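Feature annotation from TrEMBL assigns chlorophyll a binding site to GLU74, LYS161, GLU162, ASN165, ARG167, GLN179, HIS194. Annotation comment: TrEMBL describes ARG79, VAL116 as chlorophyll b binding site.
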Amino acid sequence: MAAICTLPVALRASVRAPVKARGMSVKAAAGPQHWLPGSEPPAYLDGTMAGDYGFDPLRLGQNAETLPYLQEAELMNGRWAMHATAGILFTDAVGLPKFWEAGDAALGDWDLKTLVAIQVVVMGFLEAARIRGFYATGESGVVGNFPFDPSGQDSPAMKVKEIKNGRLAMMSFLGMVSQYAVTGTSPLEGLKAHMANPTQVNIFTSSVGNEFVAAIIFCSIAPCYFVLQEQISDGSDDEFRPIPW
C-alpha cells in the first residue's frame, strides 16, 4: 500500500527533473510574464511595474530616473486614447459629426485664438499640478488628489487592466486615424464596407497593402532576431542591446 501511495510522487519528481540536452547549450526561457519566451528581459524591467512584460527593444527605459516618468506618460496617453476611441465610436454610431469634423463643429462661434489661449492656461495649470503631484507621491492624480480614486477601485490588478486597455486603445486610435488617412472613412463605415465584401475591402487591398505586408514580415522576424542574438552571444556584454543606444 505504501508503495502504491509513493508511486505518483516518484512520477512527479521524475517529470520535474531537468533534462540536459546533448551536444548543445539550451538557454532557460524567461518567466511567463515575459513577452518573448526564450530571451531575457532587460535588468531594469523586473516585473514590479504594472503591465511590465519586459518589452523594451529600443532600451528607452535604461535611465532609472526617467523610467517612472515614461511609465506615467504611457498611462496618461492610454487614458486619453481610451476617451478618444470611445468618443469616436459614439459620435460615429449616433450620427454626430465625424471625428475629423467634430472640432470645427464644436468650435461654433468661438474665436479660435481665444479658445487656444483658454486651453493653454487651463491645461497648463492642470498638467503642472499633475507633474508636481506625481513627483511628490509617485501616483497619478488630479490637482490635489494623488492617487485620484473616488470610487475606491485602486488595486494592483486594476492597474494592470488599466494599462492593458490603455495600450489597446492607443493601437485602436492609431488604426482609426490611419484608416481615415487611407480610405477617408470612419471606423464604422470602414467596418460596414469590409463586412459587405471582406475579400476585396481590407487592409491588404488598400493603397498601403504592400507596406502592411512588409510590416508584418518585420514584426515576425524581429523576435527571432532577438532570441538568436542572445543564443549566439559570447556573454561579453552584460546585457544584449539590439540597437547601440
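Glycine is no exception: its Cβ is also placed from the backbone N, Cα and C atoms.
The Cα of VAL116 (chlorophyll b binding site) lies closest to that of GLN179, out of the binding-site residues LYS161, GLU162, ASN165, GLN179, HIS194. When the Cα positions of GLU74, LYS161, GLU162, ASN165, ARG167, GLN179, HIS194 are compared pair by pair, the longest gap among these chlorophyll a-binding residues is 32 Å. Of all the binding-site residues given, namely LYS161, ASN165, GLN179, HIS194, those whose Cα is no farther than the 10 Å limit from the Cα of ARG79 (chlorophyll b binding site) are ASN165.
Of the listed binding-site residues GLU74, GLU162, the Cβ environment within 10 Å is emptiest of other Cβ atoms at GLU74.
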